[in-house]
Amino acid sequence: MVDYHAANNQSLYSAGGQQTYMEQENDWDRDLLLDPAWEKQQRKTFTAWCNSHLRKAGTQIENIEEDFRDGLKLMLLLEVISGERLPKPERGKMRVHKINNVNKALDFIASKGVKLVSIGAEEIVDGNAKMTLGMIWTIILRFAIQDISVEETSAKEGLLLWCQRKTAPYKNVNVQNFHISWKDGLAFNALIHRHRPELIDYDKLRKDDPVTNLNNAFEVAERYLDIPKMLDAEDIVNTARPDEKAIMTYVSSFYHAFSGAQKAETAANRICKVLAVNQENEHLMEDYEKLASDLLEWIRRTIPWLENRAPEKTMTEMQQKLEDFRDYRRVHKPPKVQEKCQLEINFNTLQTKLRLSNRPAFMPSEGRMVSDINGAWHKLEGAEKGYEEWLLNEIRRLERLDHLAEKFRQKAAIHESWTDGKEAMLTQKDYETASLSEIKALLKKHEAFESDLAAHQDRVEQIAAIAQELNELDYYDSPSVNARCQKICEQWDALGSLTQSRRESLERTEKQLESIDELYLEYAKRAAPFNNWMEGAMEDLQDMFIVHNIEEIQGLITAHDQFKSTLPEANKEREAIQAIQAEVQKIAQYNGIKLAGNNPYTTITPQSIDKKWEKVQQLVPQRDQALQEELARQQSNDHLRRQFANQANMIGPWIQNKMAEIGRISIEMNGTLEDQLTHLRQYEQSIIEYKPNIDQLEGDHQLIQEALIFDNKYTAYTMEHLRVGWEQLLTTIARTINEIENQILTRDAKGISQEQLHEYRTSFNHFDKDHSGVLQAEEFKACLISLGYDVENNKQGDAEFARIMGIVDPNNSGAVTFQAFIDFMSRETTDTDTADQVIASFKILAGDKNYITAEELRRELPPDQAEYCIARMAPYTGPDAVQGALDYMSFSTALYGENESTGWSPICLSLNHPVLKEISAPEEEEDI
């Protein structure tokens with residue numbers, strides 16, 4: 001016979017090699033059993049507990065110390081609660097048979113790692129109540145309480161902690177033990193209500209009515225939870241301190257009844273956590289799609305406007321277009337620049353969150369990639385540059401057209417004034433009744449007219465040339481110009497024909513006429529070209545001019561000075577011509593000749609010569625003043641050029657230096673990430689505070705454009721280049737700040753310490769010899785060796801290095817970014833949710849079925865997340881499918897990008913995907 005009387009002063013029993021979970025106070029105390037109230041409670045509780053298991057075998061006990069004496073029902077009880085077969089019992093009626101059966105039961109208990117204290121088979125066979133109750137309590141501890149585990153506590157402490165957790169929200173319930181904390185019955189009702197709220201109206205229970213509370217809980221548990229009534233309410237209420245073992249036994253039945261709900265709650269919590277992350281990421285994806293769509297739509301609507309090259313007819317209309325373009329630059333474009341920068345930041349943040357939550361990378365819908373937006377933005381800037389160049393060229397063209405049109409009108413007016421009456425003069429028949437002298441005079445006069453006519457030939461050709469140029473430049477009023485030019489040319493041809501006809505008529509009568517005044521003739525010959533020279537001089541002095549720089553105006557001033565130097569010689573010619581006329585008057589007066597009238601050879605009188613000469617004298621200082629005013633304007637323009645150049649020559653290098661400093665800061669690692677983030681934001685603020693200098697330069701640039709200045713030899717910088725540089729500077733500092741923020745997210749989510757991150761960054765920078773921001777394969781291998789990885793040049797090391805490169809460089813680009821390096825190091829030490837864990841959680845909710853129903857999802861999950869799953873789960877089509885069955889397995893794998901059957905199939909991108917490289921890797925900004 002096995003000796004069951006060995007003493008044990010440490011615990012009632014202990015499981016093989018593990019620390020005992022019940023202290024000495026839980027040993028069976030025989031003295032306590034002498035208390036009739038407690039013994040009664042234990043008899044009733046233990047009997048009910050045994051029957052709750054024996055009835056599964058179709059039997060029960062009535063008297064706990066009598067019905068176990070033969071050992072048969074005791075062995076049957078152990079088989080039911082353990083699920084194992086015991087040795088075949090002996091069926092004899094003799095005492096030895098009963099002792100053998102009880103010993104078989106006690107041997108089985110001992111085989112489970114339980115050390116029985118002072119309990120032998122003889123006491124059980126003799127019906128010893130104390131020993132029988134002690135044995136049953138040992139069985140209850142081993143098979144009903146020992147395996148209870150809550151938050152790293154087990155057995156009694158675990159059961160107590162479970163009760164405290166479940167009843168914490170209920171008023172008037174404070175579970176501190178397994179005796180007086182349960183006397184008022186509220187704790188029993190709270191446990192039931194927590195798991196099955198539809199069974200109990202907890203708010204109607206009163207603390208001062210314990211009997212009603214206890215009876216209510218016991219009846220509900222027996223009726224709906226299949227927990228037999230183990231105690232009477234009066235036994236508990238009428239006892240100062242209810243029996244702890246009876247209460248523990250009763251409460252353990254509640255624990256086992258609700259253990260399935262506990263597993264479901266844990267599974268639901270895991271699913272809720274996964275779905276919450278997924279829903280948040282989907283909201284971020286939707287926000288990105290909307291912002292990208294709005295920005296692309298704005299670019300789509302703006303580019304046609306910038307590509308519109310419909311010319312305007314007047315300078316005023318083109319100036320209005322230029323003002324509209326400036327308004328676009330100042331008002332409409334800057335907010336879109338900010339939106340584009342924010343879009344890139346949001347995209348980086350979303351990818352980081354997806355990576356940290358072990359989700360596939362986000363692939364925007366077609367046409368909304370960051371590269372698509374950058375391409376559209378580049379096209380917008382190209383259209384913008386082309387539009388500005390077209391505007392300035394159109395303004396130059398219209399300015400040139402206005403100048404030519406005015407010049408045409410002046411020359412045409414002078415020519416029309418000269419030709420006025422010439423046809424009538426050439427068609428008159430005055431030579432028919434004239435004397436010989438008059439005929440000769442008419443002939444000479446006609447010769448002078450022909451000379452004058454030849455002199456005007458150049459002006460007519462100039463008028464035709466200007467009209468032709470206006471046509472070639474597409475002048476809007478070309479029809480009227482052409483009509484006027486055509487009229488002048490036809491009139492000129494008519495004058496030529498009439499002139500020829502009159503000469504022939506005069507020559508016919510010349511033989512009959514003699515006597516001509518040589519002085520008149522000489523006067524006429526000299527006065528005509530001099531008069532033509534004065535008319536040309538007046539025309540030149542009144543001619544409009546347009547220049548674009550100091551050199552051109554100085555050239556005009558030099559030409560004018562040369563003209564003024566010819567005036568003394570011209571005055572001598574004028575005095576000589578006037579002397580001829582004076583000589584005529586002197587001879588006539590001396591010889592008493594009465595002159596018939598004016599000089600017959602010319603219509604140019606001395607008075608007209610003097611009048612034109614005075615006009616030339618007046619126009620010369622006016623021309624001087626106009627040229628000096630234009631010189632002052634060009635000097636002012638030159639000042640504006642220098643003013644803009646001084647600012648631009650400072651701002652351009654400043655932007656270049658800032659870009660270089662940002663690149664250096666992004667590589668260096670001084671202080672914690674928070675310190676770096678603070679330093680970068682202060683650096684960003686200092687850049688923003690430099691904005692007034694850009695605004696001042698914009699103002700200087702506007703003054704230059706308003707002055708129609710189109711070149712600047714004092715600087716190589718243009719406003720367009722500086723704008724692009726400024727926008728790139730703002731974008732680069734914002735992107736660098738976002739990279740540090742993403743590193744903080746990675747550090748916090750993956751649990752990387754500051755020291756580890758510093759070590760990673762130091763190692764990365766040490767081996768990044770060319771400061772390119774990425775490590776080549778050999779550089780990365782050297783870095784891994786410095787961190788303790790065994791990737792030396794041998795077969796095993798090469799295989800390990802190839803495995804690691806497959807993780808950090810899935811696209812085989814041959815380079816490793818710092819973000820990929822951090823992700824690899826964090827994945828080596830961090831665990832995350834997987835698709836298999838989510839599938840296992842759903843399987844618990846589904847009760848081990850391969851499918852789940854909408855009713856089960858709505859019962860176990862919050863409403864919004866339950867509907868989220870129902871809307872996305874495909875119908876289950878397995879052989880055991882029922883109506884309304886849903887496939888939770890394909891849904892779970894789709895959450896991690898492993899299956900496309902649910903209709904939601906994000907595409908997994910590695911960090912070396914071209915799109916992600918464009919966002920994650922620092923860009924090399926172009927020099928301004």
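Cβ atoms here come from the backbone N, Cα and C positions, even for glycine.
Unlike curated entries, TrEMBL annotations are predicted automatically.
Here the structure is a predicted model, which means the values were calculated and not measured.
If you look up TrEMBL, you'll see 40-144 (among others) marked as domain 'Calponin-homology (CH)'. Averaged across the domain 'Calponin-homology (CH)' (40-144), pLDDT in this predicted model comes to 87.
In the domain 'Calponin-homology (CH)' (153-259), helix, strand and coil residues by DSSP number 68 helix, 2 strand, 37 coil. Positions annotated as domain 'Calponin-homology (CH)' by TrEMBL: 153-259 (among others).
With a cut-off of 8 Å between Cβ atoms, the residues of this chain six or more beyond the coiled coil (439-473) that come close are 397, 400-401, 404-405, 407-408, 411-412, 414-415, 418, 425, 430-431, 481-482, 484-485, 488-489, 492, 495-496, 499, 502-503, 506-507, 509-510, 512-517, 520-521, 524-525, 528-529, 532, 600-603. The coiled coil annotation in TrEMBL covers 439-473.
Feature annotation from TrEMBL assigns domain 'EF-hand' to 755-790 (among others).
Feature annotation from TrEMBL assigns domain 'EF-hand' to 796-831 (among others).
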>> I'd like the per-state residue tally for the domain 'EF-hand' (796-831) from DSSP, helix first, then strand, then coil.
In response: 23 helix, 3 strand, 10 coil
>> As a quick check of your reading of DSSP, tell me how many residues in the domain 'EF-hand' (755-790) are helical, how many are strand and how many are coil.
In response: 23 helix, 3 strand, 10 coil
> Counting each residue once, how many in the domain 'Calponin-homology (CH)' (40-144) are helix, strand and coil under DSSP?
Replying inline: 71 helix, 0 strand, 34 coil
